[in-house]
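Have a look at the structure below, then the notes.
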């Protein structure tokens, strides 16, 4: 795999860059800066990043069938009109908890928006445990809570046949699978398919490729790993020049480029001087894998 090439394409230092999503219509990469409270869009043509500021930690962004985007903002599902920089609340979750926020989110093949919560961090990956839950926002704008007792609700995706839902609760150091019912959006029969090794550190964001293999960004592990969900084996490791890799997606014209977000929060001056690209967005080419286009929210 000597042809793998890694380039920092968006240099702006995110506090916590997250939720990369390829917007095919715009030919651009969407992502968020959670603590920087902004939704960003990077164009490979202009090589510039535009950003829309928001009023709370914004943890995920997704395409919307009717146009523009949906986001998770604080404990709200919200709609974002890009040109107008207008955010409208759709609904709120975790009303019984004062100290949580949404984390990662993604839209399923039927157009439902899955996203989970976590306690606000005291410092990176240090927080009150078991405070989070996993939710789905349905196209009719109703919300279902699947389960609670989550530490850090994180990476999520669906198998190519849509029968399996993959999910990461970061502090379990595990990539889990559930049986998935595409008709109803129900999940069940949770099981672990991969336990991270010590040097891989904390599993964060995740995406799937056209061969049904999972790619997981390893926070504090400075890498993205490729897993076979059938065998539970790691197939490939791609190391990045930053430790705090947070999430990944495929994009570009044929979805053969991988984009990886990263974080700089919790890094001191010396650490940042060693890793000046921390908080940047990276493009990886030459992986020999392709991704699946993101699904838009149907509501």
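Cβ coordinates come from backbone N, Cα and C, glycine included.
Bear in mind that the values here come from a model prediction, so they are computed numbers and not experimental data.
Per TrEMBL, active site, proton donor/acceptor is recorded for 204. Residues or ranges marked as divalent metal cation binding site by TrEMBL: 18, 154, 204. Taken from TrEMBL, the feature substrate binding site covers 101, 103, 121. Taken from TrEMBL, the feature domain 'SMP-30/Gluconolactonase/LRE-like region' applies to 16-264.
The record gives 18, 154, 204 for divalent metal cation. Within 8 Å of the mean position of their Cβ atoms, the other Cβ atoms in that chain belong to 19, 103, 104, 152, 155, 168, 170, 205, 217, 219, 246, 247. Compute the center of the Cβ atoms of 101, 103, 121, which mark the site for substrate; besides them, the chain residues with Cβ within 8 Å of that center are 34, 57, 59, 100, 102, 117, 118, 119, 120, 127, 152. Distances between the Cα of the residue listed as 'active site, proton donor/acceptor' and those of the binding-site residues 18, 101, 103, 154 are shortest for 154. Residue 18 (divalent metal cation binding site) has 103 nearby among the binding-site residues 101, 103, 121, counting only those with a Cα within 10 angstroms of its own Cα. Measuring Cα to Cα from residue 154 (divalent metal cation binding site), the binding-site residues that fall within 10 Å are 103, out of 101, 103, 121. For the binding-site residues 103, 154, counting C-beta atoms within 10 A of each C-beta gives the highest total at 154.
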